[in-house]
Amino acid sequence: MVDVNRFKSMQITLASPTKVRSWSYGEVKKPETINYRTLKPEREGLFDEVIFGPTKDWECACGKYKRIRYKGIVCDRCGVEVTRAKVRRERMGHIELKAPVSHIWYFKGIPSRMGLTLDMSPRALEEVIYFAAYVVIDPKETPLERKSLLTEREYREKLQEYGQGSFVAKMGAEAIQDLLKQVDLEAEIAELKEELKTATGQKRFKAVRRLDVLDAFYKSGNKPEWMVLNILPVLPPDLRPMVQLDGGRFAASDLNDLYRRVINRNNRLARLLELGAPGIIVQNEKRMLQEAVDALIDNGRRGRPITGPGSRPLKSLSHMLKGKQGRFRQNLLGKRVDFSGRSVIAVGPTLKMYQCGVPRLMAIELFKPFVMREIVAREYAGNVKAAKRMVERGDERIWDILEDVIKEHPVLLNRAPTLHRLGIQAFEPVLIDGKALRLHPLVCEAYNADFDGDQMAIHVPLSEEAQAEARLLLLAAEHILNPKDGKPVVTPSQDMVLGNYYLTMEDEGREGEGMIFKDIDEAVMAYHNGYVHLHSRVGIAVDSMPDKPWKENQLHKILVTTVGKILFNSIIPSEIPYLQETTNENLTDSTPDKYFLEPGQDIQTVIDSLEINAPFKKKHLGNIIAEIFKRLRTTETSAFLDRLKDLGYYYSTLAGLTVGIADIPVIDNKQEIIDAAHHRVEEINKAFRRGLMTEDDRYVAVTTTWREAKDALEKRLIETQDPKNPIVMMMDSGARGNISNFSQLAGMRGLMAAPNGRIMELPILSNFREGLSVLEMFFSTHGARKGMTDTALKTADSGYLTRRLVDVAQDVIIREDDCGTDRGLVIRAITDGKEVTETLEERLFGRYTKKSVKHPETGEVIVGPDTLITEDMAAAIVNAGVEEVTIRSVFTCKTRHGVCRHCYGINLATGDAVEVGEAVGTIAAQSIGEPGTQLTMRTFHTGGVASNTDITQGLPRIQEIFEARNPKGEAVITEVKGTVIEIEEDAATRTKKVFVQGKTGMGEYVVPFTARMKVEVGDEVHRGEALTEGSIQPKRLLEVRDTLSVETYLLAEVQKVYRSQGVEIGDKHVEVMVRQMLRKVRVMDPGDTDLLPGTLMDISDFTDANKDIVISGGVPATSRPVLLGITKASLETNSFLSAASFQETTRVLTDAAIRGKKDHLIGLKENVIIGKIIPAGTGMARYRNIEPLAVNEVEVIENIAVDEAIVESSED
């Protein structure tokens, strides 16, 4: 068996007849499977033990040789080799076909490879192969043309006319095989290359396609005649099994039926040929054999599929590979694993960040081998069998052992759907009673889990290395930041937020106000004894908190704060200032001076002069977490998060917030606002009836009126709300609900959308507290139903988008430290009209500069070249008034099959520079795909208002961008740089004409009459700039501008969609995906290279092909860049394994086999498929080739290091 981790590449070619014979262990001559009485395989049948190996380990068929000691002996009675039964999964047989048969993939695929090789139409091929016509193979002296078709009648007439044997014409695959043998590849290729020099149009296109196929055969060493089969391989029997069901019936794989048909027809054909049957009968039998082999290889590709019982089409070999249930996606890319379990999850509020609760019953089953080993080691049992019995009986002693075994042994928890890498994290197991897994509440957000019946899977990493990786790389406490935007993903929610909000509230005149305490303990004791309220403002000696970073002038003073804030600050690391207010200055700099008593000042006077501070809300807690992470990194942050969680839960319980109907306020002037709106609507309708406005204008005015009425109610609600109202507290703290929910409870529900997406003019005037009328209830159900269907459709769409994104970028890995590129990317803030979509500061953070950044006024260098920009540097650059910066970018990186560290920058998930080996392509795909479900589905229906086209937004727009489709509502772009000199309206054709005067000439552009113009007369325009509103077609932009312009445009467009929905994604993720779409070029003129015109190839391969030619002084090839959609780009990848496992499996494999393609196993998927360790992370060659040192070597090195240090210090 080949060691899978040793081989470098994998090649696929056409199998020659000799190759098939060399695979085979014997010919299958009979269609029988197994004997119905003995249930033993029949001799020379499809399950024969002589050919395929024994059905039982180390046992021949007749039972003469049993046991392993006869290994390798071939039984003299039954002829079966004594070996392992699993050889029945790898040993193949063969069938000697009595007539050649064409392979349907090469004849029926698009384009037909046989047709292109022979320069015959697929229709003509079909007629010949299925015995409807003769083809002339050798016209000899006759005027017939080679490869011309003759019907039965014409054939007889020509024979009479020219005499027997005067020419050769045949039918069936045999004829095609003869023609294929006659093809002289070298001569044909030379002829086609000549033809290409002059050919144009359709003729050129056809010649390029033919040349491509012939060249593939020539270079790969495959012979064209191998597309016709003379010998058919038979799949090993355990890959097409027959299993006995209860009740004595058998379930067999469909392949057995398909093979049986082939064998039956082949045997019948042999008999007919022996008997010398009439030609027409033999022909019919050959045709049936051809159809049987077609069905076996790809049932249903031609004609009606062969069906089994209940008219179900049989699954052929091709179907075994295709689709989600096929071999690639079902068994090779992901497998079911042992040492795993799944259960319902419940909340574990007492757990630490790195722990999870595992039920005892699950743990004993999952860790069974470890427990058994320990039982034997402790000599509770003599052998493994006895130990197993102990575990299964549930002996008391096993629980102590289990406790010891799971110590320090992390487990992985996974929740489906795993949308991003935080969907699998490692935890240390804690044994619990019950049957549900316990999950830490803070990791719920990363998993998108809740406790309404969600289930999770648990996996045990077995090897030492796997455990080490789980502990160091996957531990939940390490995953504080989200890889998509570098923001904390473990922010407290709901009860935790509410508890901390309640704790940090301030109130006037509560008991104990103005008391002064000497230290924290005294303050807390006073609170517990009821002398002071949690929200009362009191004083505390600054000196009692010596660890905090006080300013010089604040020492030895009294700080005015509340008991709640004292408790809140007691859990915050001492490096962070004392948090007295929610401002950024307090968090990053120091506690403001106004909260400190000057000597001799009265505390009550100071308290009265201070405003009431807002409590800490969800977003403030998020800022605190981010700041702590920035300063103290992972370990301290996760410890703090646990303290925050415990505090939040405790005070949430103490606060005891409840909600009743009385807590929903009543707005005093609601009726007035609604009456005023009714009056306004009546006026609008009157104006419309008088003909003063159009229907569209009236509709807009009415809906706007109702929107304004709803907003007025909302505003009134906010003005009159009581900050201690439980609903207000929940909403304000960010624990649950938002202003829109609140206004539907207490204000009015407002306008609803009709089923067609158009907003209905009749609003719902009631709110939920008053209750809805029947009609209002009916109106509001449209939206609810549409919401449900949208969500369901969106989930599937978003999942498929993620899959395509992963596929196109899975081989993008950080390959080297620095690619040494001399290009950079100039970036500025991304704007949409006047609005800023993404600020320059956000775009700069975590990138390397290309050139140094200078102050625009003073000229001093703010950041040097090739420096990693930190948050502070980014802020300094923007504050200096710099508007554009040249940075290192993925777009300009020269690394092959990946990116270098400097062009990528920071790893957003860790906050440090990215490591070599990071699989940034997969991370990028997940970061873009995971928020896909949050995007809207809708194309906006404005009811024919405002714009001439519906604007595509949300998920459909993202798909449009990544698939490089022509956008809806396309903008007209200019091809010349110059000035707009005239915009002419033509009422007759309902168009406008825009004239742009450039240096080289005049550009004239026809624009639809209804399109909204972006330019006016006198405006300066650049090539590729949009003249009208709408989306630019990227392929068109590529023709007018360069690759970088297209890349920058696509990046900005993706960001616009996500940011408009409030989703933040790092630029670099989009850059990785967009770069993959522009990796290919199309060869225009091959020059002196041996490239073929019209070929799609990787930029790096193209450059390599040109390099040698340029050095030797030849004419280099020319090419033009091509923008491919992600699906197309995935299928065009150099790895055929990756492409075949993605989509269009048969087409990819057909093409790869003809070309004799080699897969160099560069990406992740191809390595997973063959079971090799993936070349990313710790699987990279540079990390795998490290030799561990022996202990004594380590000591030697340490001693040397110590000696060197001593020498250095003495030199100092």
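Glycine is no exception: its Cβ is also placed from the backbone N, Cα and C atoms.
Per Swiss-Prot, Zn(2+) 1 binding site is recorded for Cys60, Cys62, Cys75, Cys78. What Swiss-Prot lists as Mg(2+) binding site is Asp450, Asp452, Asp454, and the listing cites sequence analysis. Residues or ranges marked as Zn(2+) 2 binding site in Swiss-Prot (evidence: sequence analysis): Cys819, Cys893, Cys900, Cys903.
Positions of the features from Swiss-Prot, shown on the structure.
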{"residue": "Cys60", "record": "Zn(2+) 1 binding site", "Cβ within 10 Å": "24"}
{"residue": "Cys75", "record": "Zn(2+) 1 binding site", "Cβ within 10 Å": "20"}
{"residue": "Cys78", "record": "Zn(2+) 1 binding site", "Cβ within 10 Å": "16"}
{"residue": "Asp450", "record": "Mg(2+) binding site", "Cβ within 10 Å": "11"}
{"residue": "Asp452", "record": "Mg(2+) binding site", "Cβ within 10 Å": "5"}
{"residue": "Asp454", "record": "Mg(2+) binding site", "Cβ within 10 Å": "17"}
{"residue": "Cys819", "record": "Zn(2+) 2 binding site", "Cβ within 10 Å": "18"}
{"residue": "Cys893", "record": "Zn(2+) 2 binding site", "Cβ within 10 Å": "25"}
{"residue": "Cys900", "record": "Zn(2+) 2 binding site", "Cβ within 10 Å": "22"}
{"residue": "Cys903", "record": "Zn(2+) 2 binding site", "Cβ within 10 Å": "31"}
Minimum Cα separation from Cys893 (Zn(2+) 2 binding site), reported as the residue among binding-site residues Cys62, Cys75, Cys78, Asp450 that achieves it: Asp450
Those residues of the chain, 6+ apart, with a Cβ under 8 Å from that of Cys62 (Zn(2+) 1 binding site): Cys75, Arg77, Cys78, Val80
Remaining residues near the recorded Mg(2+) site, that is with C-beta within 8 Å of the centroid of the site residues Asp450, Asp452, Asp454: Ile345, Ala449, Phe451, Gly453
Zn(2+) 1 site, defined by Cys60, Cys62, Cys75, Cys78: further same-chain residues with Cβ within 8 Å of the Cβ centre: Ala61, Gly63, Lys64, Tyr65, Asp76, Arg77, Gly79, Val80
Alpha-carbon distance [Cys903 (Zn(2+) 2 binding site); Asp454 (Mg(2+) binding site)] in Å: 41
Asp450 (Mg(2+) binding site) and Cys60 (Zn(2+) 1 binding site), distance between Cα atoms, whole Å: 56
Other same-chain residues whose Cβ falls within 8 Å of the Cβ centroid of Cys819, Cys893, Cys900, Cys903, the recorded Zn(2+) 2 site, in sequence order: Glu816, Asp818, Thr821, Arg888, Val890, Thr892, Lys894, Thr895, Val899, Arg901, His902, Tyr904
Cys903 (Zn(2+) 2 binding site): secondary structure state under DSSP, collapsed to three categories: helix
Structural state of Cys893 (Zn(2+) 2 binding site), classified by DSSP into three states: coil
Cα-to-Cα gap, Asp452 (Mg(2+) binding site) vs Cys819 (Zn(2+) 2 binding site), nearest whole Å: 50
Whole-number Å value for how far Asp450 (Mg(2+) binding site) lies from Cys900 (Zn(2+) 2 binding site) (Cα to Cα): 39
